[in-house]
Amino acid sequence: MKKPLEHLAIILDGNGRWAKKFNQPRTYGHQKGMEKIQDFCLFAQEENIKFLTVFAFSTENWNRPKDEVDFLMKVPSQIFGENKINFFMDNDIKVGWIGRQDKIPKETFEAIIEAKNKTRNNQGLHLTIAFDYGSWEEINTCFKNIISSNPKISENLELVTTDLIKANLYTNNLPDVDLVIRTGGETRLSNFMMLQCSYAEIYFNSKMWPDFSQKDLKKAISYYNKTNRRFGGLENEEQ
Ligand code: IPE
Ligand code: IPE
Ligand code: MG
């Protein structure tokens, strides 16, 4: 079965190694990587992709040195700050966020919320930033939300449905992922949208994120277009 590519998710890896090649600090790579996100929104729009999710900071990335974490916490205000938000308005891009809301600094939280609010009526590409996101934390929060909104739920377990779980994930307004691209050469998902990617096609690429080009995206899409998505079933000719 062929399914149009609706939701593309990117694990944008390799910023640090990219910077090392130029004898620069890792934060230089993050700067370049961050700028790339904007270019990438335009590439995705050209390919008629409706949903683009970018993994920008994981729940495990707190384990990095403090100066690197401090730099990364400024990424949202750098991308969406005062003079940058026009880019998203001009290109009709709606900004969303998946991730833990109560650990990041207040300024970081406010920058994302403000971008969400300002762009909420835009109709074009839906860009979601996965920031302080991890699948284990997401499922933990999901359980807590379900139980706290109905403390007696254990008395009626029929209420615990797949739809209820989906509605309590950070991704409740997003379709499942069709294609994941991971740059940087590693072949793992690093705790990224494990449920939402359960039937996604996965494209691993050895280029570091700052080097990933529009041409590389086209190659990934052409890989996707050749895949046969069976979702557990069979193709007509296989039956
Ligand atoms: C990805 O690049 C960005 C984040 C994880 C925030 P890395 O920082 O992981 O770069 P490498 O993988 O060390 O090169
Ligand atoms: C995954 O990259 C997280 C993001 C892209 C934000 P990492 O570089 O943190 O992943 P690992 O540690 O190599 O698995
Ligand atoms: Mg990495």
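Numbers run from 1 along the shown chain.
Using the three backbone atoms N, Cα and C, a Cβ is placed for every residue, glycine included.
Features as listed in TrEMBL:
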{"type": "BINDING", "residues": "D13, E201", "note": "Mg(2+) binding site"}
{"type": "ACT_SITE", "residues": "D13", "note": "active site"}
{"type": "BINDING", "residues": "14-18, R26, H30, 58-60, W62, R64, R182, 188-190", "note": "substrate binding site"}
{"type": "ACT_SITE", "residues": "N61", "note": "active site, proton acceptor"}
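Here R182 (substrate binding site) comes close to I10, I11, D13, R188, L189, I202, Y203, F204, N205: these same-chain residues lie at least six apart in sequence, with C-beta atoms under 8 angstroms from its C-beta.
Taking every protein chain shown into account, W18, W62 are the binding-site residues, and of these the Cβ with the most other Cβ atoms within 10 Å belongs to W18.
Sorting the binding-site residues D13, E201 by the number of other Cβ atoms within 10 Å puts D13 first. Among the binding-site residues D13, R182, E201, the residues whose Cβ lies under 6 Å from any atom of ligand 3 are, in sequence order, D13.
Under the three-state DSSP scheme, N61 (active site, proton acceptor) falls in the helix class.
Taken residue by residue with DSSP, H30 (substrate binding site) is part of a helix.
Among the binding-site residues G16, T59, W62, L189, the ones whose Cβ sits under 6 Å from an atom of ligand 1 are, in sequence order, G16. Annotation note: W18 (substrate binding site) sits in a helical segment as assigned by DSSP. In this structure the C-alpha atoms belonging to G14 (substrate binding site) and the residue listed as 'active site, proton acceptor' are separated by 14 Å.
Between the candidate binding-site residues, G14, G16, the densest Cβ environment within 10 Å is the one around G14. If you take the C-beta of T59 (substrate binding site) and look for same-chain residues 6 or more apart in sequence within under 8 angstroms, you find G99, R100, D132, Y133, G134, W136, E137, N191. Spacing of H30 (substrate binding site) relative to E201 (Mg(2+) binding site) is 26 Å (Cα to Cα, whole number).
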